[in-house]
Amino acid sequence: MELPIRTPDSIGRRASYIVETKNLSYKLLSPCNEFSLLCCKNPRKAAKFILKDVNCEARPGEMTAIAGPSGAGKTTLLEILGGEISPRKVSGKVLVNGCSIHPEFFRRICGFVTQDDALFPLLSVEETLMYSALLRLSGGKKEAISRVKVLIKELGLDRVAGRYNKDDSCVRNLNNFGVKRLSCSNSHLEEIFILGERFCKNIFRTKQLFAARIMQALTAGLIIGTIFMNVRNDQRQIALQTRIGFFAFTLTFLLSSTTEGLPIFLQERRIFMRETTRGAYRVSSYVISNTIVFLPFLLMVGLLYTTPVYWLVGLRQNIDGFLYFALVVWMVVLMSNALTACFSALVPNFIMGTSIIAGLMGSFFLFSGYFISKENIPNYWIFMHYISLFKYPFECFMINEYGGKGGRRCLEQSHKWSNLLIMLAFVIGYRVLCFLILWCKCYRSRN
């Protein structure tokens, strides 16, 4: 069924395209067909055709609707046209202006708007379109700005283009039709730009990730500092045990508090999957930009916690000790953030993510050496001691406070910097795992 409509003059001057299919077929193979050597019964079960010998045509300036009962293959046909289904599984031809197309190229230039809308809730309409243009247009920022202005006018989004409500998402200021138009416009903008600015805006506008985290770090530093400030500055066993307890609690607080970013990562993952399947940017660009943006933010969090707590507790009274303590705290929150990013790429939802991360953190704390020494851990569990995120920063705190010539105890300092390198390796390792998981998900969705 076709509903011919007139297009605006601005659209009419653009290049026009005719999309058509010829003898298009798509079938689902049964497991016995795909792995016939492993099947003992019915090895040649007939495949099920979702589409068979479909011929259709969509002309420029017309709105074409596909009608049919549930299960007729409407969505499958659109997914094939949009490049969402691998061409290796499809027979027949998809032509644009009578010419065959390369699937990877066509995925970048075409748009596929799904029923559920995946948009950043803390970006305005204009910002959403602008970042999409910068990511997918090759003409630079000036061309992106001009294209976005024209597109906003054509879609009738002028009144809400710059609207942003700090207490709610800008998308909620649109009606359902407006959201669909915004999603549709996103799908027709092209090419590459850096993702860092978009990450920064989302961090600063997400209260539970920025403002609340800043206040949490500063408040916790002051409260914990006042709790432990009465510990006597001497060599007695009680003071030593109290400081060790302070180090253990600090690590527990720092490693558990960064998991609050899990909902943000999960929300971004939906948008990331759609953008990368359209070829807007590479998976590596997303992971690297996300990592770089969090470096200064988590450094600020670490300093806001370290500054009051270090001097209130009365730890090693020199600037070198303070800077090393702050560096260790920074590495701890980076490790926790990398772990959260890794599992946000893996888990299907928030509940499973928090359950897995909480279980891992509890296991890491148990095998850190605080409750049971390394010598008393059974051999079949000793690997947990070495992969514990608590072990290495805990040793760093102890060496910083009681090691060296200026320390109160003559502890071995050979692991002072090697422990930091191991913590850095954890950060890089979890980020690499995050990249591999996201890359596999994108590869699987494309195929």
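Keep in mind that glycine also has a Cβ here, set from the backbone N, Cα and C atoms.
Under the heading domain 'ABC transporter', TrEMBL lists 19-300.
Annotation source TrEMBL lists transmembrane segment at 210-232 (among others).
Per TrEMBL, transmembrane segment is recorded for 244-266 (among others).
According to TrEMBL, the feature transmembrane segment maps to 287-310 (among others).
According to TrEMBL, the transmembrane segment annotation covers 322-343 (among others). With a threshold of 8 Å between CB atoms, the same-chain residues lying at least 6 positions outside the transmembrane segment (322-343) that come near it are 250-251, 254-259, 261-262, 265, 290-291, 294-295, 298-299, 301-303, 305-307, 310-311, 315-316, 353, 356-357, 360, 389, 393, 396-397, 400, 416, 420, 423-424, 426-431, 433-434, 437.
Long-range contacts of the transmembrane segment (350-372) within the same chain, counting only residues at least 6 positions beyond its ends with a Cβ under 8 Å from a Cβ of the stretch, are 244, 248, 251-252, 255-256, 259, 262-263, 266, 339-340, 343-344, 381, 384-385, 387-391, 394. Summarising the annotation, TrEMBL assigns transmembrane segment to 350-372 (among others).
According to TrEMBL, the transmembrane segment annotation covers 420-439 (among others). Only residues 6 or more beyond the boundaries of the transmembrane segment (420-439), in the same chain, are considered here, and those with a CB under 8 A from a CB of the stretch are 269, 272, 276, 283-284, 286-287, 291, 327-328, 331-332, 334-335, 338-339, 341-342, 344-346, 389, 392-393, 396.
Sequence-distant contacts of the transmembrane segment (244-266) (same chain, six or more residues past either end, CB-CB distance under 8 Å): 202, 206, 208-209, 212-213, 216, 220, 224, 228, 231, 298, 305, 309, 313, 329, 332-333, 335-337, 340-341, 343-345, 347, 349-350, 353-354, 357-358, 361, 364-365, 368, 370, 389-390, 393-394, 397-398. Per-residue pLDDT, averaged over the domain 'ABC transporter' (19-300), rounds to 72. Sequence-distant contacts of the transmembrane segment (210-232) (same chain, six or more residues past either end, CB-CB distance under 8 Å): 203-204, 238-239, 242-243, 246, 249-250, 253, 257, 260, 297, 300-302, 304-314.
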